[in-house]
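Participant: The following feature annotations were taken from TrEMBL:
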DOMAIN    76-191  domain 'Plastocyanin-like'
DOMAIN    202-335  domain 'Plastocyanin-like'
DOMAIN    411-533  domain 'Plastocyanin-like'
SIGNAL    1-19  signal peptide
Amino acid sequence: MLFSNHLLGAAAFAGFAAAFPSPSASLPAPNLFPRAACSGNTATTRSQWCDYSVDTDTTAEAPDTGVTREYWLELTDVTVAPDGVSRTAMAVNGSIPGPTLFADWGDTVIVHVNNLLTTSQNGTSIHFHGIRQNYTNDQDGVVSITQCPTAPSTSITYKWRAIQYGSTWYHSHFALQAWQGILGGIIINGPATANYDEDLGMLFLNDWDHQTVDELYISAETDGPPTLDNGLINGTNTYEDGGYRYNTTFTANTSYRIRLVNGAVDTHWKFMLDNHTMTVIAADLVPITPYTTDVLSIGMGQRYDVIITADQAATADSFWMRAIPQSACSDNDNSDDIRGIVYYGTSTTTPTTSAYSYTDSCDDEDLATLVPYVAKTVGTSTSTTLEDASVGFNSDNLFRWTLNSTSMVVDWADPTLSQILNGNTTYATDDAVIQLPNANEWVYLVIQTTLTVPHPIHLHGHDFSVLAQGSGTYSDSVSLSLTNPIRRDTAMLPSAGYLVVAFETDNPGAWLMHCHIGWHTSEGFALQFIERSSEIAAITNTTSLDSNCAAWTTFQETNSIEQDDSGV
């Protein structure tokens, strides 16, 4: 059944699994310790996790469970009608969103991906968004950077360690495929900064159109971002007289953890549950000091873990859950009706509840409220890199974004990792490379724009510290927050403003940074850091990289496949 969250079992894939190459060997993350047997964390002891707790610094240590979680994902072309209107799409194991991948903090995760996108003739990859991939850069799943596309009728295996915990998602990093349906949740069980009774799992917020994103990209390149038809909550919604709403039941006086993901191509959401208050306990994969809010602002690629207590049974039996596109940066024809239903008891009625008031904006949550639970101080940097984001027309009169003074164009068939292994030390301008050769140094980066368009900026391979966000032009007079600023992997570059981030060079690899608006990524809004280049070859599975590229090159040449976007 489409739009359900289920896994295909290993037994169903016995022959399929045998065809996969062995997963790559990788260096362990630092300071891994065996996990002792324990009763685990409970509704009243969520801060505890075996011999560890929410006080543990995940950048310094993690449990070593000795457990491997293994998953098989099959990607197919499908016809779907999530809001009652039929169109073509792509699915993971027959569903959109795809199955949630579960692991415990400290587990090893192996994911086998079989590309059966033979109708669309699409290559593919799977990127594990927000997973730092410590010393496993070749498992990051980014075409043109860490791998070639995986060709139709071939497969690839990814292997990584869950040294973080919390909520995130996986998605394709090939063209606009993530917004065709190749996405799903990741839950890494671990401690939490507040207690709760039940875990409701992933809740995806996606925009949706009755044309495919590939069709829409043609107009995005020439006329700017298109207005989308609808939005989905966990893969479903209504449109005119069709479709059905997401709904779930609450038991009075029970507290529920919900793991929110903004998986949209071009929509900034305000999320709320009428009459209820949310306690926010994590931003991306970083536990934070809990704070309460009625309305949550969530940019593309971001995740928030929230706890909602079912304390409104006396008010009504059914309540609207709302995902509201912000008109300041998101165009949607159904913006007032992207809704689900939460009900008390055994059946639901149509809610009559009212939304909280909010300011229409595309900003992050207030930096003052986003306080990492494990405090860290940002080190000093000897220099600050300043990059301007802008947009213009290329020679074909198509929109292209620039960052690092260029619009990124990288080659599916010649990924950065292959160039590094071949001894490259210089790169084409449109590879948009910033080289970081030294270990354990702090990098400060300022991205600014004069355009009145906000952008969600996502960095692979790291959590970054957000030192400042603001309107106007950045200058040395801007005050930087160095004492325990929020650490996350996706943050908003404000409209006509600046974003200042910092990270430490503690993870060798080729790491992409890009705007998470799908149109903008494809239009070149990206750069890449080549970090500690001399160490990368030793941690790369050359055999897997080369064989995947050889299969792609054969497929691309045989079928005359042409690359028409940035390559990432």
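Each Cβ is built from the backbone N, Cα and C atoms, and glycine gets one as well.
Just so you know, TrEMBL annotations never went through curation; they're auto-generated.
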Participant: Need one number: mean pLDDT over the domain 'Plastocyanin-like' (202-335).
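Facilitator: For the domain 'Plastocyanin-like' (202-335), the model's average pLDDT rounds to 98.
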Participant: From the DSSP assignment alone, can you count helix, strand and coil residues within the domain 'Plastocyanin-like' (202-335)?
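Facilitator: In the domain 'Plastocyanin-like' (202-335), the DSSP-based counts are 11 helix, 67 strand, 56 coil.
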Participant: For the domain 'Plastocyanin-like' (411-533), what does DSSP give as the number of helix, strand and coil residues?
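Facilitator: Secondary-structure composition of the domain 'Plastocyanin-like' (411-533): 15 helix, 52 strand, 56 coil.
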